[in-house]
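This report concerns only the one structure given below.
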């Protein structure tokens, strides 16, 4: 008899969350646990948030904004990024047009030091406090590290801005060299939940990325780690990813949304619905109440202008301005005007040192 009733009533299929079954509302729980006490939602609670119906979205975003203001404050950190080495990467990240294994239109190219300095100057003019040097590699070789060192020295001589790097997986010796160069923050994304990672990358493991991040923290650099939503992961795996990040406890989490690139294995995937993307933004804020949560790639195609505004009023407290590595972003002026319209102050450089 129990089997019959179980088959007739599946709470998840009927859109009923465990919180509703237990007679508690997950947003009420989050208000007391996260907003009042600063304790992030666990994996099961985050899943309940992701399963909320669309009619609860505004309430969810409002609560996430309150949490962000309570535990992070009103300031928004602005960052620009530049690709030092583009394309020709030996890894097979299925979302990435920079892989040399796929028939994408992106070709390998290097940027010289004067171009790096000019990009840093233009980034600083927007009010950004962070400039991130990125390279499409499995990990840096000696040539790349020498170019990074020369670029950092030249930038420091001419631009008052903090420098971050994203150069793939590192050895312990490479981590220390970057720290000695004065790299403020290191980005290395886990990309997705541990259980879903083999569907995204097969040429290296999730654990290899995790090891790099731990070495970065031990060397005294800030850890920046996020990923891409909308690569075919389930809501359960999205909640798992938030829990993975909460365990890592990075200083910053960049949230990207898949922008399907021609020639890649994920090139034909559908763009994530805006409501799902916004629920994820709010859910990650409730799971990571004190973490810098940054709007990154794909938000233009996924959310548009209105969605970007809702995200900044729904838990986001950092943005990448200008273009991304291989795709166009919003004009920096548009993001800066949006922050001004929302009366969100840009974090000052001296407040982040």
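Cβ coordinates are placed from backbone N, Cα and C, and glycine is handled just like the others.
Note that this is a predicted model, so its numbers are computed, not measured.
Per Swiss-Prot, the feature [4Fe-4S] cluster binding site maps to 89, 93, 96.
Here Swiss-Prot flags 132, 165, 224, 294 as [2Fe-2S] cluster binding site. In the three-state DSSP classification, residue 165 ([2Fe-2S] cluster binding site) falls within a strand.
Among the features that Swiss-Prot reports, domain 'Radical SAM core' is placed at 74-299.
Secondary structure from DSSP puts residue 132 ([2Fe-2S] cluster binding site) in a beta strand. Each residue contributes its Cα atom, and for residue 165 ([2Fe-2S] cluster binding site) and residue 93 ([4Fe-4S] cluster binding site) those atoms are 19 Å apart. Calculated from their C-alpha atoms, the gap between residue 96 ([4Fe-4S] cluster binding site) and residue 294 ([2Fe-2S] cluster binding site) amounts to 20 Å.
Calculated from their C-alpha atoms, the gap between residue 132 ([2Fe-2S] cluster binding site) and residue 93 ([4Fe-4S] cluster binding site) amounts to 21 Å. Counting every protein chain shown, 23 other Cβ atoms lie within 10 Å of the Cβ of residue 294 ([2Fe-2S] cluster binding site). It is 21 Å from the Cα atom of residue 294 ([2Fe-2S] cluster binding site) to that of residue 93 ([4Fe-4S] cluster binding site). Shown in sequence order, 79, 81, 130, 164, 166, 185, 186, 187, 252, 254 are the same-chain residues outside 132, 165, 224, 294 whose Cβ sits within 8 Å of the Cβ centre of the [2Fe-2S] cluster site.
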